[in-house]
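The following features are taken from TrEMBL:
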COMPBIAS  A:336-347  compositional bias 'Polar residues'
REGION    A:325-347  region 'Disordered'
TRANSMEM  A:12-33  transmembrane segment
TRANSMEM  A:45-63  transmembrane segment
TRANSMEM  A:70-89  transmembrane segment
TRANSMEM  A:95-117  transmembrane segment
TRANSMEM  A:124-148  transmembrane segment
TRANSMEM  A:154-182  transmembrane segment
TRANSMEM  A:210-230  transmembrane segment
TRANSMEM  A:242-262  transmembrane segment
TRANSMEM  A:269-290  transmembrane segment
TRANSMEM  A:296-321  transmembrane segment
């Protein structure tokens, strides 16, 4: 689906990071099999990166529709809290999983309604759950870190399938399903159309509101799934810290993957690659013996570099520090104004 | 032309955007104590000329003189310092600030290093009193009517600039009494020696207010005339680009008689929407082309929006082949086989980042629903077919449509709709902003579609063009459908007469 | 009544009613003692929220607030504790850096024309990361200047204590109100939030104003960091996590439109007070957990955003009656 050439910058970046990791930690590429499961730093990168990969799958579609979902971290906490609490209360695994996923779907639905039908800005709409969600998660766990020992649920965090850690399996399966869903149906095209030009899409007979509702609901679903994995992984629900800042990682993964924050063309696979790049950086910093929080600086640098690169490729070097460029995006609204052509500056 | 006495004059102004020449050697001047109308259809170059005079754009060629001295207008602030102030149609003040702040932002009176609000409000009150406006200047501007906001904007512009005032469609959203108030103020400013540039599409207002008239068309100067010496019919012909002398030329085209196809008709009756278009009846049979003629602001685009369900009608009904139907959204319209190529290609037509192929497949895909995806191969076949049929010039169908030229973008939007095999196709200014070659092709295409039995509604300000293909022509004026020309009546001459007819002579004039 | 003031009055009403209900249940809450604690406990939040108010009125957002608070706290602790600077010198250095930091973000937002959201997100990562580079531990500050400041207070009638930091917050709010309504800068901020392009056409210095707005937010975040360091007598890189959300919530609950253009600094004070009242109530109650604060704040956020949305729809319908679509 994606050509190697398009993915080249990301693949090169990943290779460089892996190489640096190997320099810092010569055993980086060692993989061993223990108890029928793969172990090793590289496996770890995928395993730790799985929740962000899953979030990034949903986030990709939201961003493609020219939106953003800030609530995914809080939704993770809520879904995790639901799963842990219900497990402790003795509900069967199926009920636990179903309930946690329904929590995510409902949260996504709420975001979708606010964006699509109340026409709220996505940042504003999803901010509400971002703030309230953790409180609700605390409400579910009654303020405690709820721990459990139910092997069925734990399996989703630390189990393995054919030697591959469960989170990786889940992320991969979800990724494949999501790619099939958007590319084997017309959903992908329709979401891209709405993200690029909602007005023209409406003129063409697209139901943009239902499409927006779908992307936010799906994002909520992904967040719930990531929440289940995170909870299963630590065998407990920590409403304060589960999924903390992961919404930002997910957004970053999508941006690294090459999907524009202004909506349009998207690639789920590339976003997942972006998530792996982020995790590879995290792991590298850990292996080098730095505190994990150092990667915040690295992330900041990555964001600034991407912004600079996009700005350069949009405006062309030289036109860079021209404040007059600000008024540009508004002008094409005037129908006959030929200056509207400025907007289609070839990249 | 005596530039010596002009307050501001533009000589041989040339301006291009991305190779497209939008102003081509235009002369324009404003004398002290005159109100000068600047007229032209969309895309004639009015706004670009204004933006050059006020420093928003820099001209590629030509000179701007201020009282005879050549100047370079750096930006809007500089234009204000030079004495040229502008009031735009969409009042470009800030509704969330108080009236006084809007008048004095950036030059508020200060005391002890702080804004002296009471002094500012006192001055604002005094300033507005000159215009007989007595309002609470500490209240948000947004709380007042558009008319008051407009006057505040004028007061600000005059106070800041003082010698030339440019008004871009200032009356578009004012009612009759408000327009009178505005005119009284403008006349007073004129008598004080200001030069006023007045852009409008209401021709009666031009004659009621203005001393001179300049008409632009397709970036060229058509002429500058004294208003008192320019009959309205001639003005319309200047704007629409056809000399009356050659008016008989188009009539020889044999008129298709509307085939009275057996009940297969789309009938809108008493269809209308308050403040958009007055209720009208429209009945279209297969193979008919209904041309819609009228000046900018006459309700052309509003009619299209209503027919396509972009605006919901608040009166009237629709029957298709005798069966009642409802069009309350574009989706519903598409399901019924309606299609609309909008006037504003960039914002409402193309989906710029998507490829030619995807743009062409979009409407058909939307009608099929998201589950039944058109395979890429089918999309490509469809796109290839239309690229050939409409001669869309693109290196390949995977190119993002935003990189195509205007005419080819228009054809892509057209192809998108033809792919849905519509029964009613509405074209809003299908030939605007595209080059001559593509223009002729699109007209030929309209003729062909009509022969294939499609019903067409074509809105255009190109009179000659609609004369060439229409079976009937709707005349619109002041947001009303004023009449229809059929058969032998259809000639550029008659259309222009009907458009220009004074309001008093309404229906007789239209059906003459 | 002006639509613009409606959210503000609604906030005020909610604050009064909420406080009234609390007092009905716990008469002890009606005292200057509680008031004094409320001011002291929320001083850093309030100061940061003033900066956020300006940012949001201008149509932007600043996600870096919490991280900058933590960064200045750590920086001060290190300068005082490890390098022996006088706290006042350390404050000056910290404030200078945080102001420059904000100005830099403002410059990127304006000149690169990128959403404030993503730029300040990078700022948030950067500031938090830098605090960790300095130290990963909590560094206590034992300077005598700190104990002096902490012991200073004005005894209010009724025995409540107005501490230095509580007083500082009130001063900042006062300054914010003056800045918003009685300076040209203030009118430029509203102008930017109302309509960028109109503002530019009217001669508002857009670039300078944007940079100054974020510099102000940076400065006030730094000041909040100073206050926080006095309040806790320590610097800790993991402190003030999520404070940006609390400040945004306070601003929105205070009646400022998240889309920019309207809002009051005074409203933000009420927004901070409401959060404080909820927390105080929870303390008085003793059985409720602190997470109720977040839920109630979330509900209030939703209510206010919905209210503002309705007001915008109503007023645009009114305007739509005049101008056809």
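Note that Cβ sites are derived from N, Cα and C of the backbone, with glycine treated the same way.
Here the transmembrane segment (A:269-290) does not lie next to the transmembrane segment (A:95-117) in space: the count of CB pairs under 8 Å, restricted to residues six or more apart, is fewer than 3. If you look at the transmembrane segment (A:210-230), the same-chain residues 6 or more away from its ends with a CB under 8 A from one of its CBs are 50-52, 54-55, 57-59, 61-62, 64-65, 67, 69, 71-73, 75-80, 83, 97, 100-101, 103-109, 111-113, 115-117, 126, 153, 156-157, 166-167, 170, 174, 178, 187, 190-191, 194, 242-243, 246. Across A:70-89, A:95-117, A:154-182, stretch A:70-89 shows the highest tally of CB pairs under 8 A with the transmembrane segment (A:242-262). Highest Cβ contact count with the transmembrane segment (A:124-148) among the listed stretches A:70-89, A:95-117, A:154-182 falls to A:70-89 (criterion: pairs under 8 Å). Beyond the transmembrane segment (A:154-182), the same-chain residues lying 6 or more positions past its ends with a Cβ under 8 Å from any Cβ of the stretch are 1, 33, 36-38, 43, 46-47, 49-51, 53-54, 57, 61, 148, 188, 191, 218, 222, 225, 228-235, 268-269, 272.
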